[in-house]
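Enquirer: Quick one: the structure is below, questions incoming.
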C-alpha cells in the first residue's frame, strides 16, 4: 500500500556501458535540480576517489537525493543511486538495483548498444525494474539517435520511441530526462507501520562515524536510538544517526518505507555490515531477510610482496586499512623462497586487482611485486579429499590427483562484423567453446563463448581490443566448473625452482609455454659472472632450456705467443673458479621478469 508521501518519491539508478556518460548525466541531474551550487559542482561529483576520476570509472556505489519541482508546482524527491559499470562489481550493481524501482539506461548515440549495456540491462530486468532509455551524446556530429532507438527496441525489446535525447556534457534536454523519471518510474510502496526491513546496498568506513551503511528502507521506519539487528550476521547495534545524502551527509529525524539514506551505528568493520544484508529492529524483527544476499567471493588470486622485505608490516597495515572499506578483498600471509614474506590476496576480478595494487602504491607509498594472477582450481585427490587451490606452489603431485576442475565463464563479445573471424580465432586459441551468435544489426554481432576463467584473466581484454581496433566490448559471468587436464609448470634458475614463477597450464600447451618463458627470462635476467641455466619443467621432466652465458675476463690477454699448455692452465683455472661461483652464487630475479611471464604472447 502507498502512502501519500510515497507518491512523490522516485528511486532510480543509472546503468550504462563504460564511458557512455553515466556519471556525467548524474552531474547534470544534480545541477538541474539545484542540489549543489555552481561553486560546489565538481566534474563527476559522485566519483570521490582520485583514482575514479582519473580512470573515469565508478568503483563504489554512491547515492544522492535530488528535489525536483515540476512546472505544476509538485515537488518530487528523486533518489539517484550511482552504480559501478564494471563487470567485476556485478554484485554491487545488483544490490544497488534491488534498492530501486526504476533504472535509466544510458546509451551513447554514436556507439549504440554495447556488451555491458546488455549485461546491466538484463540485471535490471532481473530485479523487475522499469527501464527508462535515455540517449546521450546527441551533440556529437556522429550521433545517430533514430538508429539507436530502433536498436534498443530490436535488441532489448523495450519501448524507446519517446526516449529523451540528451547531451549530458552540454546539459541539453536534461529536463526531459527528469520528466521521464517522474512519469515512468513507479513510486515505492511498503508499510511504514510494519517491522523494519532495510537493504544495505553499500557500506564504507568513515574515520569519525565508523561504518556508514547506505540503505533503502523497504518496510517500517528507522530513527536515532533504534536498536537494530543485521539479519545475516545476527549482530545488534544502536543507531547513532540517520540521514540522507545531498551528496554530503545531512542528518534527518527518521527514514520511512520508500526512503533511501544512510545509517551509522558505531559499527567498527565493513565486514559486519555486508552489502546485501537486511537491517531490522532487534526487538520487533522481520520474519525473513530480503532475498539476494550472498557473501563476496574472490575469483582471482595473486601474491603481493614488498620489494623491501622490511616493509612487510607496513604492507599488512595497508591491506587491513583497505579491507575496512572493501569487504571483497581477502588476504592471508604467505612466504616465497624467491620473494620472501608477503600476502596471497583474493580479488573480485582483474580491475579490482589492478585498483588495489594502484591504491597500495599511491595511497600508502609502497613498492610491491605482484605474482601472476591465478584462479581457484578444485582438486579431488585419490584418497577422496577435496581441496581448493589458489596458489600453484601448493599443487599436490600428479600421482595424488584424481580429478582437477577449473572455473568456466560465459562470455558475450559484441564486435563489428568485419572482425568476427579475428575474435573467433582469439576465443578458440583461449580454449573457448562456441555457443551461439546473433546479429544485433547489419554491422554488429554478439558472440557467446564458454571460456576457462584462467584464459581471460590476464591479457584477453587487451588482445580482443587490439584485434578489433578497440571496437569490441566484452562481458563475462562465472557459470561453474569443468574438469581439465592441467599440469604445473615450474621454472628453475641455476637448478633451483623459483616458486613465484610457477603456473598451472593445460598439458598440451605446457611445452610451448615453457619454451616461451625460458626465452623471455633469458632476455631479461642480467648476465652474471657464471653461467645460468634456465629450465622449464613439468614434474621431474625438463621440457625446455636456455642458458645465459657467463661474463668472462680475457685471461689470455697477457700471453704473447708462448706454449699452448701455459694458456690451457690459465683457462682451466678460470673454469674451476666459475664452477665454484656457480655452486654458491644465487640469481636475483628482477620485477620485469614476473611481468614478462604474464605477457607471454599468443
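We number each residue from 1, going along the chain as drawn.
Each Cβ is built from the backbone N, Cα and C atoms, and glycine gets one as well.
Per Swiss-Prot, the feature domain 'tr-type G' maps to 7-189. As annotated by Swiss-Prot, GTP binding site applies to 19, 20, 21, 22, 23, 24, 136, 137, 138, 139, with the evidence given as sequence analysis.
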Enquirer: Roughly how wide, in whole Å, is the group 19, 20, 21, 22, 23, 24, 136, 137, 138, 139 that binds GTP, by largest Cα to Cα distance?
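Expert: Across 19, 20, 21, 22, 23, 24, 136, 137, 138, 139, the two farthest Cα atoms sit 17 Å apart.
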Enquirer: Across the domain 'tr-type G' (7-189), what does the pLDDT come to on average, as a whole number?
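Expert: Summing pLDDT over the domain 'tr-type G' (7-189) and dividing by its length gives 76.
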Enquirer: Check each residue in the chain of residue 136 (GTP binding site) that is at least six apart in sequence and keep those whose C-beta is under 8 Å from its C-beta; list them in sequence order.
Expert: 16, 20, 21, 25, 106, 107, 108, 109, 166, 167, 168
Enquirer: Counting across all protein chains present, how many other Cβ atoms fall within 10 Å of the Cβ of residue 23 (GTP binding site)?
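Expert: Result for residue 23 (GTP binding site): 24 neighbouring Cβ atoms inside 10 Å.
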Enquirer: Please report the three-state DSSP label of residue 136 (GTP binding site).
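Expert: Residue 136 (GTP binding site) sits in a strand per DSSP.
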Enquirer: Indicate the candidate from 19, 21, 138 with the smallest number of other Cβ atoms within 10 Å of its Cβ, considering only these binding-site residues.
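Expert: Sparsest of the binding-site residues 19, 21, 138 by Cβ contacts within 10 Å: 19.
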